[in-house]
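Feature annotations, reproduced from TrEMBL:
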ACT_SITE  259  active site
BINDING   92, 94, 129, 240  Zn(2+) binding site
DOMAIN    4-145  domain 'Phosphomannose isomerase type I catalytic'
């Protein structure tokens, strides 16, 4: 029986990442040689964790899925990440379950092929996301009421923003996004310059993306600053973007992304319009719920994952009766994990996989940890 598996976890080097955050977390010298954006903990086929001294977690699950995942399961349903956001990610949307199945089957039959930058659906899974702020974290999530966005655009002044405001007032968020995505290329810089008058985070986006109408789309979304310990849930079909900060994120193990701006990558407007929910919706903050065992659960309304926080002091212990399949990440301090006859110590940035079989887990130490799991 395999009680605990120590993981070596890949880092994704996207341009919006930090040269210091993940390096410090993992005890390496700073700055890193290039931007480091995401630490991945899981079995996503695109970049699975490796079992220390062995092969990939993905291969181990495929070899013997029952003990690793539980009866009837053949895929780890979640992906746990640490995000180090130095500059804004693209505005994006993820499909719901029905859209993911239909879109994946369509592209498998008609293309584009896997690996093509114009491909939207890389798997047939939805992609809900829950983000926990480690530092103050800025995000955009969900559309504002059209009248509210229109009033702000008119207050900024300028004929181009006035035109967008009129569309918002007459036809709503969807038609405004259509117009912005199709905005004449020769007039985009002037449009973005008008939006940049808002100052703050908008001016920063305008400076980084001086000819991208996505800057105006961003103004149509709710801007939220999470304090450390707060969590934000992004449902499938919700337009969102992350602007700045460090976070722990858990999501369904999918790579389906439809982009809507702030990116040089392909924007598939028809698919974006088909998938996005353009109704006004406030940011969905998820408060922690203290569990009888001392964990803090962030109850996301989805079936693919759950996230709990373990904040331990010397002498305290958290016992998890049914932890697997799961992953345990140490973010601060040091944790000791005991399962059966196996004992493992975790330092900052280290993680374990908890197979389905193996019995209860007891965690002690002096530190902060996060446990990813599957709702029972």
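Just so you know, glycine gets a Cβ as well, placed from its N, Cα and C.
Sequence-distant contacts (6 or more apart, same chain, Cβ under 8 Å) of residue 94 (Zn(2+) binding site) comprise 126, 127, 128, 129, 234, 236, 237, 254, 256, 257, 258, 275. Reduced to three states, the DSSP call for residue 94 (Zn(2+) binding site) is coil. Note: residue 240 (Zn(2+) binding site) has non-local neighbours 91, 92, 93, 139, 140, 141, 142, 221, 234, i.e. same-chain residues 6+ apart with C-beta under 8 A of its own C-beta.
Surrounding the centroid of the Cβ atoms of 92, 94, 129, 240, where the record places Zn(2+), the chain contributes additional residues within 8 Å, namely 93, 127, 234, 236, 238, 239, 257. The average pLDDT computed for the domain 'Phosphomannose isomerase type I catalytic' (4-145) is 96.
Sequence-distant neighbours of residue 259 (active site) (same chain, six or more apart, CB under 8 Å from its CB) are 90, 91, 92, 265, 266, 267, 268, 272, listed in sequence order. Counted with DSSP, the domain 'Phosphomannose isomerase type I catalytic' (4-145) comes out as 31 helix, 40 strand, 71 coil.
Other Cβ atoms within 10 Å of the Cβ of residue 92 (Zn(2+) binding site), summed over all protein chains shown, number 23.
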